[in-house]
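**Q** Residues or ranges marked as Zn(2+) binding site in TrEMBL: 43, 46, 80, 83. As annotated by TrEMBL, compositional bias 'Basic and acidic residues' applies to 180-199. The compositional bias 'Polar residues' feature in TrEMBL is assigned to 285-329. Annotation source TrEMBL lists region 'Disordered' at 180-343.
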């Protein structure tokens, strides 16, 4: 059984490779290949940036009459992605890199330029020292002096690092954090203390206000209770007129004491609200002695004089005349009865 993927071809015994005709192809022929941009570049025509790794369908050709140690150099043709301008670059086997040739400028090659400059300086120095021993001595002196300066600088850096190594940065950070923590706690305590003082002041003020309000209420209630206790609803019926009028009518006599029954229903002889509803009862004729008559007349006159104090000046005059006339008529009746008894 034969293999499916055959790698070797069968050559018959009579095969002669010299009999194979050779193709007549030009040496500078071009091939289309797929490649990526080997470095960052910028188009000179439109300024478009082409970054490393950008894929192109490029044309490849072999550079004529240019080799490096028998190795051929290849040239590639690509087009700008924006303006379709042609850009060419070729291989650089000496530096294992690519070299920009036409249509664009290479970016970010400062390191390469520095390396090339160092190589050039080193080559010039070697050329000078080749036939000049004094130049060799001078260069060695400069190198030794530069090396000593470098060592001194390195020693200073080591000492500085040792001084800094003695510093405990972690301890400093912890101390700073502890200070911040204490500061925050102190501020918190101050805020709490101020808040407590404000609350205490507000509470004291509120208690004082409530105490003053309660005292005012107690005073008002006590005054109202005293007023209500001293005054009764029926006292308006027994309110007296000013004593000046009574003094003028009664000759400066002192005001009599108001009895309890007069305080509740008022005086009988007054012309108030109840004075018109009460009818005075006439005294009955009794057979008493003249000595008792005088004792009887005195309280009647006193009782009759009481309404004078309660009424006004104008109302007290007719009541007084009426009382006098009634007392005279009683005296006359008593005297007639005594005379009849004596007969």
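Cβ atoms here come from the backbone N, Cα and C positions, even for glycine.
Any TrEMBL annotation is an automated prediction that lacks curation.
Small disclaimer: the values here were computed from a predicted structure and weren't measured.
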**Q** Apart from 43, 46, 80, 83, which residues in this chain have a Cβ no more than 8 Å from the mean position of the Cβ atoms of those residues at the Zn(2+) site?
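**A** In sequence order, the nearby non-listed residues are 44, 45, 47, 48, 81, 82, 84, 85.
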**Q** Within 10 Å of the Cβ of residue 83 (Zn(2+) binding site), how many other Cβ atoms can be counted across all chains shown?
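**A** Looking across every protein chain shown, the total is 12.
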**Q** Going along the chain, which residues six or more apart from residue 80 (Zn(2+) binding site) have their CB under 8 A from its CB?
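**A** Counting only residues 6 or more apart in sequence, the Cβ neighbours of residue 80 (Zn(2+) binding site) under 8 Å are 43, 45, 46, 48, 50, 86, 87, 103, 104.
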**Q** If you count the C-beta atoms lying within 10 Å of each candidate's C-beta, which of the binding-site residues 43, 46 ends up with the smallest number?
**A** 46
**Q** Residue counts in helix (H, G, I), strand (E, B) and coil for the compositional bias 'Basic and acidic residues' (180-199), per DSSP?
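**A** Once the DSSP states are binned, the compositional bias 'Basic and acidic residues' (180-199) shows 20 helix, 0 strand, 0 coil.
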